[in-house]
Amino acid sequence: MLELRYRGSCPGPGEAVSPPPREGEAAGGDHETESTSDKETDIDDRYGDLDSRTDSDIPEIPASSDRTPEILKKALSGLSSRWKNWWIRGILTLTMISLFFLIISMGSFMLMLLVLGIQVKCFHEIITIGYRVYHSYDLPWFRTLSWYFLLCVNYFFYGETVADYFATFVQREEQLQFLIRYHRFISFALYLAGFCMFVLSLVKKHYRLQFYMFAWTHVTLLITVTQSHLVIQNLFEGMIWFLVPISSVICNDITAYLFGFFFGRTPLIKLSPKKTWEGFIGGFFSTVVFGFIAAYVLSKYQYFVCPVEYRSDVNSFVTECEPSELFQLQTYSLPPFLKAVLRQERVSLYPFQIHSIALSTFASLIGPFGGFFASGFKRAFKIKDFANTIPGHGGIMDRFDCQYLMATFVHVYITSFIRGPNPSKVLQQLLVLQPEQQLNIYKTLKTHLIEKGILQPALKV
């Protein structure tokens, strides 16, 4: 509960002592009684001043219940809590990895649904924390508006994806053409409706808290929806751009835990007392090696390296193409110090393996800071985990706090060093132009190609 500040309390150090009011006058010096506006200000001061709250003022959130299956509890009952947690984490990790492989075998569409489901669950966990922390205030429309904004933002981002990658399908449906043409206006109108609903829901005594929660919702949307959208964008570039970064983060999480569990002695950061330098360094080298090997294995298969495209003739996603040079074996000369170690001058590698070193390095050196950020967030609100969805691991957000940071890096990396202008997007824009505009572009392009010597000028008869 908020600590009420009594106006008649003793002044603190450095505060001026106000003279007592004269007889018949109010404390403010007026001869009349305190006005209504003064009373409202006093109420806002007493009930809405959250800036003066300290960590001890934050209400305790009830501890999550243990959802470990009874069969595991009985099987591990004779072990210490440290080893019991180790086995629970290990068994559940293997189970999740097995399910992940199963979903990969089902294709790109199922992976997209998985990303969407994880996004919604992460959003739910963070919003629930905000609701529990401030539950006593019973804010009007807070949860309803939070989910409404989630729907609006998803409509905007995934509508952009449909327009970019499903152009051939959209062109056949007139209703979809209308939605795509005015997509951004519709998205803005939907968001504006939620914004107006929020303003209308403002209640006296809760103004500041409601704006805190408004910001809480939008930051949560920024963390979850935008990052999951980038994950799907990476997936469309080829499943390998989805699998190698995600598996590198998973590998780093597992190996850092193992090295820290068996060899950890030196604390790494105060936000996470259990993290050690031994685990951090061991996880780094293990992740780089794993990423290099995984890149070599996956680069052999079109299923993983080809961009994901939607084929309207078969009404499904396809991953068939002629692999780019990035996924074709190239011969490289080794540096002198490696020649002495490997005893050979040249080596055959896929160029993507070199890029995988950058990806796995980020996953092991910078990626953990997403976990440290999440640890700081949980400490701020005195909770151990975001939820108790996965026994031994916590909530979904506890497992994917580093993945969101990784997704942003991969998207920036692709756009900066890998992908150039997209011819399909340019063609989509040309097809919606007026015939006169298309003809002018054709003449300009023809003239440019003739000047470059690519086309021969037409002979005049």
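Here the Cβ of each residue, glycine as well, is placed from N, Cα and C on the backbone.
A quick note: this is a predicted structure, and the numbers were derived from the prediction, not measured.
Taken from TrEMBL, the feature compositional bias 'Basic and acidic residues' covers 22-56. If you look up TrEMBL, you'll see 1-65 marked as region 'Disordered'. Per TrEMBL, the feature transmembrane segment maps to 86-118, 139-158, 178-200, 212-232, 238-264, 276-298, 352-374.
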With Cβ-Cβ distances below 8 Å as the criterion, list the same-chain residues six or more beyond the ends of the transmembrane segment (86-118) that contact it, or say none.
68, 72, 76, 79, 154, 228, 231-232, 235, 239, 242-243, 250, 254, 257, 261, 308, 316-317, 319, 390-393, 396, 399-400
For the transmembrane segment (276-298), distant same-chain residues with Cβ under 8 A (at least six beyond the ends):
239-240, 243-244, 247-248, 251-253, 255-261, 263-268, 304-305, 349-350, 352-353, 355-357, 359-361, 363-365, 368
Hey, which bits of the same chain come close to the transmembrane segment (352-374), Cβ under 8 Å, at least six residues off its ends?
240, 244-245, 248-249, 251-252, 256, 269, 271-272, 275, 280, 283-284, 287-288, 290-292, 294-296, 299, 305, 326-327, 386, 397-398, 401-406, 409-410, 413, 417-418
